[in-house]
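Colleague: Below are the features I grabbed from TrEMBL:
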- 100: active site, proton donor (ACT_SITE)
- 16, 17, 18, 70, 139, 169, 200, 201, 202, 224, 225: FMN binding site (BINDING)
- 14-314: domain 'DUS-like FMN-binding' (DOMAIN)
Ligand SMILES: Cc1cc2nc3c(=O)[nH]c(=O)nc-3n(C[C@H](O)[C@H](O)[C@H](O)COP(=O)(O)O)c2cc1C
């Protein structure tokens, strides 16, 4: 699949997730076979550009091309300016966020709140596409309210504006993350447009990936939450799509190596204080469902520095390895059951 001139290595894309898909995580997902990744959203508010958070989010150093920077805001002029800034900063693709349901974002009429105002959507699309020479993509939802899904009009307008690809989460803003993603409108959008369409929402297994690709006819799929603590999901899905067979789940030894490598990258990227704190949620995701992991996590959350955190994680996995704990989906399910009893 192509986004503008960029041919992706496959049609599996890491969904942008603020607080998760920083450069270390995107790099790891690409290593495990994701064909593309989009940055965390970055506000178009110029006054926040030099904040610590924005600087981390705009760090693409050494990242595998094509680099896609996501911008969020509500003012066409500010968004156009933000797009130019990101291109000067190294972005090869600019992605516009019209899907975020968070109150903080929607109260400023940004993210999915934009879907309430199609005229403003059109002005934003035109302004951003005109502002930069690189492909501009759009990520959005089915609409703002259930029963008032306006994605067919928005998608057509996006194509007419020159948007290079459309990523569509099969929920409305009203759905937030409730209910299940609806793929029927994604299929209709795909049938209507000539630009690539990327299906998103609730894809969490190789079978689901194949189902969504087949059912919607989408050119690619985008995976968010299912990649948290499981960056190898891209390898698993790619293998299944190619062969129809399942790859074995990673061994505990491999999970240990991947997690420790990920931690080292996070420590280097964020430094001592933030590195330790940001790593906690990743450690929690990687260890979910493993033996005695609830107890492990409670202890791990108390650790306040990166050296001790790394050691605590290493020791926990060494303990699992000593007991010959080989992780398989079945075992993980069993442990999950035991832990929730
Ligand atoms: C923690 C978190 C942060 C997110 N941040 C963003 C974001 O910055 N930009 C965006 O367009 N979508 C964001 N999303 C939405 C995801 O990109 C994706 O559309 C959504 O999670 C549905 O896909 P999934 O079911 O595969 O997770 C976020 C989702 C989560 C869970």
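Going from the start of the chain as shown, residues are counted 1 onward.
Just so it is clear, glycine is given a Cβ too, placed from its N, Cα and C backbone atoms.
Can you tell me where each of these features sits in the structure?
Modeller: Of all Cβ atoms in the protein chains displayed, 24 besides its own lie within 10 Å of the Cβ of residue 100 (active site, proton donor).
The Cβ of residue 200 (FMN binding site) lies under 8 Å from the Cβ of 15, 139, 167, 168, 169, 170, 181, 221, 222, 223, 224, each of which sits 6+ residues away along the same chain.
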Colleague: Say we define neighbours as other CB atoms within 10 Å of the CB. Which of the binding-site residues 139, 225 has the fewest?
Modeller: 225
Colleague: Please give me the CB contact count at 10 A for residue 16 (FMN binding site), counting all chains in the structure.
Modeller: 27
Colleague: Give the helix, strand or coil assignment DSSP yields for residue 139 (FMN binding site).
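Modeller: Looking at the DSSP assignment, residue 139 (FMN binding site) belongs to a strand.
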Colleague: According to DSSP, which of helix, strand or coil covers residue 100 (active site, proton donor)?
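Modeller: Coil, per DSSP.
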